[in-house]
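Chemist: After the structure tokens below, expect a handful of questions from me.
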Amino acid sequence: MESITNVMEYETIAKEKLPKMIYDYYASGAEDQWTLQENRNAFSRILFRPRILVDVRSIDTTTSVLGFKVSMPIMVAPTAMQKMAHSEGEYATARATSAAGTIMTLSSWATSSVEEVASTGPGIRFFQLYVYKDRNVVRQLVKRAERAGFKAIALTVDTPRLGRREADIKNRFVLPPHLTLKNFEGLDLGKMDKTYDSGLASYVAGQVDQSLSWKDVKWLQTITHLPILLKGVLTAEDARLAVESGAAGIIVSNHGARQLDYAPATVMALEEVVKAVQGRIPVFLDGGIRRGTDVFKALALGASGVFIGRPVVFSLAVDGEAGVRKVLQMLQDEFELTMALSGCRSIKEITRSHITAPWDSPRITPRL
């Protein structure tokens with residue numbers, strides 16, 4: 001795969017390689033897919049204000065996330081059912097992420113269990129959680145994640161019901177019969193029934209708790225000592241409530257544009273959330289990251305780091321562990337180059353003044 005020069009090329013190859021039902025599951029968004037396009041397009045409307053004549057011989061991309069030192073502010077988002085992309089699935093992603101010195105978030109709906117992922121070796125890992133109607137299931141999952149050495153819970157808060165993903169309805173998407181949702185295997189919740197629309201939508205309607213509310217964030221804190229990130233916050237109002245509820249951090253996310261179409265691109269919602277939390281907790285972003293320049297823009301708008309989803313599953317599909325390693329390396333290399341060309345030698349030197357966004361008021365240039 002030497003000829004691949006950027007992250008987007010993996011998707012093109014994955015589309016040729018994967019069965020249509022599986023590619024469509026990973027690639028598609030909700031309804032008109034406006035937000036899916038906007039997650040990418042919005043980045044192109046944010047421009048750089050690079051500073052020149054800075055000594056950039058030494059660039060440091062390292063940072064800290066919830067107290068954990070990572071090689072770069074680029075982490076792996078939770079993406080479900082990775083063994084549909086490659087036989088090694090989450091095992092390969094875990095090894096690649098650990099080798100890159102960054103954080104992997106394992107999906108509740110993984111095709112490898114928390115214990116199996118932990119068995120791949122050392123690494124900083126978070127666990128993404130869906131809250132099921134049966135709270136004993138939730139308790140068990142959280143305890144297993146703790147025992148397996150996971151360091152945080154990323155609670156998905158934007159999915160009381162599954163968004164309308166028309167490709168999955170057309171394809172009658174269902175988890176291939178040789179695979180299971182491994183974390184639920186012993187609970188008789190690991191299989192997905194074939195239906196006349198989306199098997200996943202039917203599964204969610206049957207199992208995921210639609211009554212999830214702020215009081216449940218408090219409840220979750222009573223059953224785990226792990227820090228809790230709220231994944232799916234898009235407004236200042238909810239950001240303030242997240243702080244009040246004791247969340248350890250926020251992930252600004254629209255679920256890869258798979259839930260509510262015409263929700264804003266995450267990078268458009270980011271600054272509103274950052275301003276609302278006033279530095280009290282870290283804010284992260286996922287959705288639409290395909291270039292190192294995107295990472296820099298998110299950090300300039302106040303994010304403490306970003307998570308990538310589709311680039312991981314597509315590179316996994318094309319080249320397994322080596323593909324995921326290469327995606328993480330390419331993004332780190334591009335990000336480091338962007339830092340150098342913008343005159344930033346460390347993460348803390350990236351500031352709001354390094355970019356201009358469409359909503360900024362016109363700058364008044366002083367007369368010389």
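Heads up, the Cβ atoms here are built off N, Cα and C, so glycines get one too.
Note: TrEMBL annotation is automatic and uncurated.
Model, not experiment: these values are computed from the prediction.
The annotation domain 'FMN hydroxy acid dehydrogenase' is assigned in TrEMBL to 1-360. Per TrEMBL, the feature glyoxylate binding site maps to Y25, R165, H255. The feature FMN binding site is assigned by TrEMBL to 78-80, S107, Q128, Y130, T156, K231, S253, R258, 286-290, 309-310. What TrEMBL records for H255 is active site, proton acceptor.
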Chemist: Give the sequence-ordered list of residues that share a chain with P78 (FMN binding site), lie 6 or more positions from it, and have CB atoms under 8 Å from its CB.
Modeler: T105, L106, S107, S108, A110, Q128, A154, G309
Chemist: Max Cα-Cα distance in Å among Y25, R165, H255, the residues listed as binding glyoxylate?
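Modeler: Site span for glyoxylate, by Cα atoms: 13 Å.
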Chemist: Limited to the domain 'FMN hydroxy acid dehydrogenase' (1-360), I'd like the whole-number average of pLDDT.
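Modeler: Within the domain 'FMN hydroxy acid dehydrogenase' (1-360), the model's average pLDDT equals 94.
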Chemist: Counting Cβ neighbours within 10 Å across all chains shown, tell me which of the binding-site residues G288, G309 comes out on top.
Modeler: G288
Chemist: Could you give the Cα-Cα distance between H255 (glyoxylate binding site) and G288 (FMN binding site), in whole Å?
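Modeler: G288 (FMN binding site) has its Cα 11 Å from the Cα of H255 (glyoxylate binding site).
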Chemist: When a 10 Å sphere is centred on the Cβ of T156 (FMN binding site), how many other Cβ atoms does it contain?
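Modeler: Its Cβ has 22 other Cβ atoms within 10 Å.
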Chemist: Between T156 (FMN binding site) and Y25 (glyoxylate binding site), what is the CA-CA distance rounded to a whole number of Å?
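Modeler: It is 19 Å, counting Cα to Cα.
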Chemist: Between Y25 (glyoxylate binding site) and R258 (FMN binding site), what is the CA-CA distance rounded to a whole number of Å?
Modeler: 10
Chemist: Just to verify a number: CA distance, R258 (FMN binding site) to R165 (glyoxylate binding site), in angstrom, no decimals.
Modeler: 7
Chemist: Measuring Cα to Cα, how many Å separate R165 (glyoxylate binding site) from G288 (FMN binding site)?
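Modeler: A Cα-Cα distance of 18 Å.
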Chemist: Could you name the residues, excluding Y25, R165, H255, of the same chain that surround the glyoxylate site, i.e. Cβ within 8 Å of the Cβ centre of those residues, in sequence order?
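Modeler: Surrounding the site, in chain order, are S28, G29, A30, L162, G163, D168, L200, G256, R258.
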